[in-house]
Each structure stands twice: as structure tokens, then as C-alpha cells.
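Notes follow once the structure below has been shown.
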Amino acid sequence: MRLRNKPWAKPLIEENPDFVVTEPTKLKGKWHTRFQNNNPIFVEIGMGKGRFIVEMAKKNPEKNYIGLELQTVAVGIALKKQLEEKLPNLQLICANGSGLGEYFEKGEIAGIYLNFSDPWPKKRQTKRRLTYKTFLEQYKEVLDSNGHIEFKTDNQGLFEYSLVSMNNFGMKFDGVWLDLHSSPEAEDNVMTEYEEKFSKKGQPIFKLEAHF
């Protein structure tokens, strides 16, 4: 979803290079130096306004988190949250998620989160879905040997497509939930802004966890 332009967003990002990376290719293979520790790194692709990734970083200080988002306005909103918290284990990237293999070295990431990604419903848009095989190839490259993917959506069509796509790619499923908020998994679930909005309307939330 495209957000309305906020003139303050770009200057705010430029003023905070300690929290926002605008040239991630320069840190490929060096992310642990950015965090100044060797803790595992988890990346959310398409973090939106940043609620999920900020909460995850607060909840798990022993892990490092990176929120990746293309929209400058969304990064600006997420940055405001980070400026309030100043979490040492959280970094933001303002860049396109399709370049993941250019930002991270092989095996540099421990986990990937895909939350409420654009479903790109038209057939000609299939290749743009974040669970299309070319994206899965990138994920496999940058994830370590124990790395996993967590995927959440309210879109049943995208969920079913993703199950098939991952299965065809040879991935193994560690868990599949057709109504996340009605399951025991809901107790430890960290919600995104969209997730809270959809669930309040009674919309079931689909989730899967998988590895290569």
C-alpha cells in the first residue's frame, strides 16, 4: 500500500545514518560489524511502518533485526519508533527487497520474515510475489544452514500460492496455521499494523514457517 508523501521523512532518514542504511551493498558480509556483535540476524522484507520489527527487537535483545522497506515514508515512520526506543539490535534499510542477494553474504542471515506482502493478484504479476521461485532462490542463498522463513498474510490466494511455490522449490514446512489468532501460536505472536486491523474485522490470518 502506497503511503501519502511526508516531506519530513527523507531528511529524517538522512539525519540518522546510525539507524538507517541507504547503501546496504557496502555492508554485504559485514553486518556483524554494524551491530558490533555476532548475534544471529533476522530480516523483515517489507517492514511497512515498522511495528513488527521494533517489537521483535525489544522482545529479543539477544538477536539482531533488520527492517527492509522501499517506501521512504514507511522507513521514516519506522525510524521515529526506533528513535524513541534506540534499540542497539535494530537497523533499518531503505532499499528494494529484490536486491537481497546484493545486501547479504551467503549464510549471513538466520531468518526472514514476510508479513502481509503485496499479493500481486494478476497472473502477469506472479514474478513480483515475494514467494516466487526467484525470491526463494535469494532467500536460500543468504540464509544459514538452519535458517527459516516465517510468512503471514490475510490473503488466502497468496497463502495457497506460497504453499505450492515453496513445496515445488523443495522447502520443508515446520508449521502451517489457517487461523493463527485462534491457535496456541497466537500467545507469542507479534502483530503488524495491518494484522491488527484485519484481525479486528474477523479476518483469519494465515501463517507458515518453512526451511530449505
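In case you wondered, yes, glycine gets a Cβ from its N, Cα and C as well.
Remember, it's a predicted structure, so these values are computed and weren't measured experimentally.
What Swiss-Prot records for this protein:
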- Asp118: active site (ACT_SITE)
- Glu44, Glu69, Asn96, Asp118: S-adenosyl-L-methionine binding site (BINDING)
- Lys122, Asp154, Thr192, Glu193, Tyr194, Glu195: substrate binding site (BINDING)
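Features as recorded by Swiss-Prot, highlighted on the structure.
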{"residue": "Glu44", "record": "S-adenosyl-L-methionine binding site", "DSSP (3 states)": "strand"}
{"residue": "Glu69", "record": "S-adenosyl-L-methionine binding site", "DSSP (3 states)": "strand"}
{"residue": "Asn96", "record": "S-adenosyl-L-methionine binding site", "DSSP (3 states)": "coil"}
{"residue": "Asp118", "record": "active site", "DSSP (3 states)": "coil"}
{"residue": "Asp154", "record": "substrate binding site", "DSSP (3 states)": "coil"}
{"residue": "Thr192", "record": "substrate binding site", "DSSP (3 states)": "coil"}
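Take the recorded positions Asp118, Glu195: by the count of other Cβ atoms within 10 Å of each Cβ, the lowest one is Asp118.
The Cβ centroid of Glu44, Glu69, Asn96, Asp118 marks the S-adenosyl-L-methionine site; residues of that chain outside this set whose Cβ lies within 8 Å of it are Ile45, Gly46, Met47, Gly48, Leu68, Leu70, Gln71, Gly97, Ser117, given in sequence order. Among the listed binding-site residues, namely Asn96, Thr192, the Cβ with the most fellow Cβ atoms inside 10 Å is that of Thr192. Candidate binding-site residues: Glu44, Glu69, Asp154, Glu193. Fewest other C-beta atoms within 10 angstroms, Glu193. Distance between Cα atoms for Lys122 (substrate binding site) and Glu44 (S-adenosyl-L-methionine binding site): 24 Å, as a whole number.
Distance noted between the C-alpha atoms of Glu69 (S-adenosyl-L-methionine binding site) and Asp154 (substrate binding site) is 20 Å.
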